[in-house]
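Listed in TrEMBL:
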- 24-188: domain 'Nephrocystin 3-like N-terminal' (DOMAIN)
- 309-389: domain 'GPI inositol-deacylase winged helix' (DOMAIN)
- 527-559: repeat 'ANK' (REPEAT)
- 561-593: repeat 'ANK' (REPEAT)
- 594-618: repeat 'ANK' (REPEAT)
- 631-655: repeat 'ANK' (REPEAT)
- 666-698: repeat 'ANK' (REPEAT)
- 700-732: repeat 'ANK' (REPEAT)
Amino acid sequence: IVDWLTTANYGQQHDKHSETHKKGTSLWILETDEFQNWLNNSKQRLLCQGMPGAGKTIITSVVVDHLTKEIKKDSEIGMAYIYCTFKQPKSEQTTRSLLASVLRQLAGDRQTFPTTTRSLYEQHKAKQTHASQEELIAELKAVIELYSSVFIIIDALDECDLNTMHGFISELFMLQKHCNMNIFATSRFIPEITEWFTNAKSSFLEIRALASDIAMYLDIEMKQSSTSLIKSNIDLQKDIKREICEAADGMFLLAQLYLQLLQDKINVKEIRRELQAFGADARGRSDDEKTKVLTHAYDKAIERINEQSLHMKSLAMKVLLWVIFAKRALTTSELRHALATERGMTTLDDEDLSDLRDMGRVCVGLVTVDEKSGIIQLVHHTAQEYFESTQSRWFPEADSVLLGACITYLSFKVFESGFCITDDEFEQREAQFPLCNYAASYWGDHASKNEQPGEEILEFLMHPAKVDASVQAQLAVKHYSSHEGYSQEVPRRVTALHLAARFGLTELTRILLGEQYKCNPDSCDSNGQSPLLWATRNGHEDVIKLMIEANADLEVRDKEEGATPLIWAARKGYKNVVTLLLERGGEINAKDNHGRTPLSLAALHKHGSIMQLLLNKGGTNGGSLDEIDQHGRTRLSCAAESGDKEIVQMLLETGGVDINGRDGEHKETPLIWAARNGHKDIVQLLLDAGADVNVKEQHLGETALTLAIESEHETIVQALLDKGANVHQRDFSGHTPL
């Protein structure tokens, strides 16, 4: 069941960071007043910020380890943690997947698995569907309430897409209003992130590596150094420790890089010369300027790589090319196959593969390997930023090289057999050719950086069996351990045009629709989806234009939802695509299998600008905008709860909604939802539109005024009083607002 929620597992990442943590260092965080206040009081929020390389992730691992010990003493304390990374798969970087991960941990850690979570799983099992974001939020609330208190830990907010993270943090803040939950997070100094936590009245703490911690780290590393020159010279170790501590000045990462740069020095004089350079780099700089020192350190690392033998230099640069520019983190087996793949090859065997045991040394410490997961990644996200900013200098043809390797790999003879007909056969192929999932999933992303598609791409796409194999490699996902037949749950009859549409490859689409290939724009896969539907679901406007020019059917419907391209565009929030389809004659009031129109789906998914566009063009609801969703909620109350002013305003102006309609477990009105959650602008909108100011919810008999007082929303209290809220009205326990 927990695998059905999400397969994302942050346990391995935590183990890696916990093992990296040098015993006795970074414990200062536990003694601070800010942390103790966060730990010992309910509903606290603590944001720990620091410059790049200050040791924020290690601090997070210390906090998680500390809480783990506390939980062993009291099983009624819950904890969930998330380590964000810049190479996290896109599927794990959504608000829904992050919420699912929190639920996975909290539900899975209960001594008795929650019956409500099991019920949610059973509801979806037969249909082989996943829980919606709204269902996850409701279930999270139910599971959190099983604990006496819950601690949520999130590391590196800044390494996730900011819009995604804002959605996730907002949902956690909303849950915190109803549940006994504390939130701890780390981040660089990002103004938007600071603002989120400031608005939520959070506590703040700056993370900065202590000189004593850096010194302890250096002591441990030098005693284990492979360089006898350092290992055997105690006086030199003291000098190294003193100079690096001063030069690093609060940046663990810089100390790590500096020590690595000393490893190949052949005499003491060279080491001392390098130490003097470190000091000159850092001396007298501000924190902002000090981060620029990292750039110089990375420059020096590349210089060291270039000083190696030709073979070692070539291997290091190939490894860096893949680790830096791959669209997700790679495993050791994937990287070995990637390095071995060259244009013109038709297969690989073990004798083609490189031994990567010395990879860390060859790459002078710029890459690390997680021994448990096999994941290879750069030493720090600042290294990613450095190499991306200097790509033209070191890796000008990166995407072209990766594209060539992906297409060559997908064109191997083994894939001429096409679709695997059993899970076992599919898993054997994946084990033998581990790069096929990456190559199938991301070749199009690398191709998008090249203006013209090469012949090898067209040759691959014109081979139906190889296309079938690649689609299966990309889309077959085992969502849980007992998920039998998963490899067969992917569409068949996918064409070259489908894949061009999926990746938004405009020039490739133009060629495939042209005189030479004459691909059919209305050819549907086994799920009834045409290339136009694939392009629409992914928001590729230029490809959609080409499909329309080729007279693609605008009213084609997929089998599962019965949704047209316009319905999908409205549902996904692609305003430009909605505009384009309307201009070309898309049916504005088409209904899917559930009777939903583009307008009702835009309202359901809170796409206010699309709602306005459809209303202006004559769109209708296909029913009532006041209808109850699968969670027993109306669109107006959902928008009022989440603070979506634009949607609330539009629903009120459109009409057909009951402003005092009750929904949810406790039969609350939109005004009560808005007042409880502190959305003063929405409260004012509802009051001005005639909302009943004195209506009670049906759980405790509380009014909007009572709930606003409990949540200390003073401006809302004033607005309610101005509209005549009854200060003498009693709840079911006999209490008045006063």
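Backbone N, Cα and C define each Cβ position, glycine as well.
Automatic, uncurated: that is what TrEMBL annotation is.
Summarised by DSSP class, the composition of the repeat 'ANK' (631-655) is 18 helix, 0 strand, 7 coil. Within the chain, the repeat 'ANK' (631-655) has long-range Cβ neighbours (under 8 A, six or more residues past its boundaries) at 134-135, 138, 170, 174, 603-604, 606, 608-609, 611-612, 615, 625, 661, 663-665, 668-671, 673-674, 676-677, 679, 681-682, 685-686, 689.
Taken through DSSP, the repeat 'ANK' (594-618) splits into 16 helix, 0 strand, 9 coil. Mean pLDDT, taken over the repeat 'ANK' (666-698), works out to 91 on the 0 to 100 scale.
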